[in-house]
Amino acid sequence: MGPSSSLTTIVATVLLVTLFGSAYASNFFDEFDLTWGDHRGKIFNGGNMLSLSLDQVSGSGFKSKKEYLFGRIDMQLKLVAGNSAGTVTAYYLSSQGATHDEIDFEFLGNETGKPYVLHTNVFAQGKGDREQQFYLWFDPTKNFHTYSIVWRPQHIIFLVDNLPIRVFNNAEKLGVPFPKSQPMRIYSSLWNADDWATRGGLVKTDWSKAPFTAYYRGFNAAACTASSGCDPKFKSSFGDGKLQVATELNAYGRRRLRWVQKYFMIYNYCSDLKRFPRGFPPECKKSRV
């Protein structure tokens with residue numbers, strides 16, 4: 001295969017994933033409830049946009065009406081602009097209770113001109129402590145960008161603009177719990193965490209810049225729900241059809257994953273010797289792609 005045909009294959013792959021992730025945007029009125037923050041959360045533009053705001057009194061949040069058990073979840077976000085130090089925008093899947101499962105994106109704000117930190121984590125049966133953190137290769141406050149979670153029985157894939165940044169593989173054979181039996185809702189919140197979010201809490205929230213606002217659009221869930229079974233779009237992605245690339249990593253996807261982790265990962269619990277002086281958690285052996 002020559003260079004031109006290789007490039008064509010790569011472009012086609014990216015296009016297929018992009019189409020799968022964005023062609024079925026849903027209405028926020030139909031899919032979500034604003035759960036806290038009084039009127040600081042808003043759904044507008046006919047249900048095509050949602051915003052969360054934070055001031056010195058309160059933050060705000062929302063959750064999905066449906067519970068999901070496996071699927072691909074896409075959301076476009078534009079994060080708090082300017083001096084966002086001390087703020088956290090969280091976007092995640094979670095069940096409830098002491099033994100809950102959870103799949104996290106958390107965006108840790110920073111001082112003007114300094115990069116956001118994207119914090120990821122996976123909880124299974126109430127246990128987390130599986131953090132990986134990244135800088136982004138763009139300014140997430142200037143435009144909307146797509147943040148996706150692919151949740152399958154075999155693995156969880158975190159994607160940013162359809163580029164994989166993290167894979168958490170099922171390592172139950174090694175005795176590691178994996179989220180696979182508890183349906184989860186989608187949650188998001190914007191809140192003050194200046195006791196830890198920016199430089200370990202050294203930089204506090206500048207309330208003179210409030211209200212802080214994050215924006216959402218382009219939600220899509222090609223998924224299985226606890227109440228009505230599997231979306232046909234997600235079912236087709238399990239088969240041999242052209243959409244399989246949307247829930248699996250091909251060779252190009254694995255190369256892009258390695259690129260992100262080489263140049264933009266700033267913390268990986270699987271390489272933290274101070275935290276695990278007696279050996280890394282067993283799932284770390286399966287974390288390489």
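Quick reminder: no glycine exception, Cβ is built from N, Cα and C everywhere.
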Which single residue out of Glu102, Glu106, Glu111 does Swiss-Prot record at the xyloglucan site shared with His119, Thr120, Asn121, Asp129, Arg130, Glu131, Asp195, Trp196, Gly200, Arg275?
Glu106
Cys230 pairs with which of Cys224, Cys270 in a disulfide, per Swiss-Prot?
Cys224
Helix, strand or coil: which one is Arg275 (xyloglucan binding site) in, per DSSP?
coil
Nearest to Asn110 (N-linked glycosylation site) in three-dimensional space, by Cα, is which of the binding-site residues Thr120, Glu131, Trp196, Arg275?
Trp196
Euclidean distance between Cα atoms of Cys224 (disulfide bond) and Glu106 (xyloglucan binding site), Å
24
Integer Å distance between the CA atoms belonging to Asp129 (xyloglucan binding site) and Cys284 (disulfide bond):
12
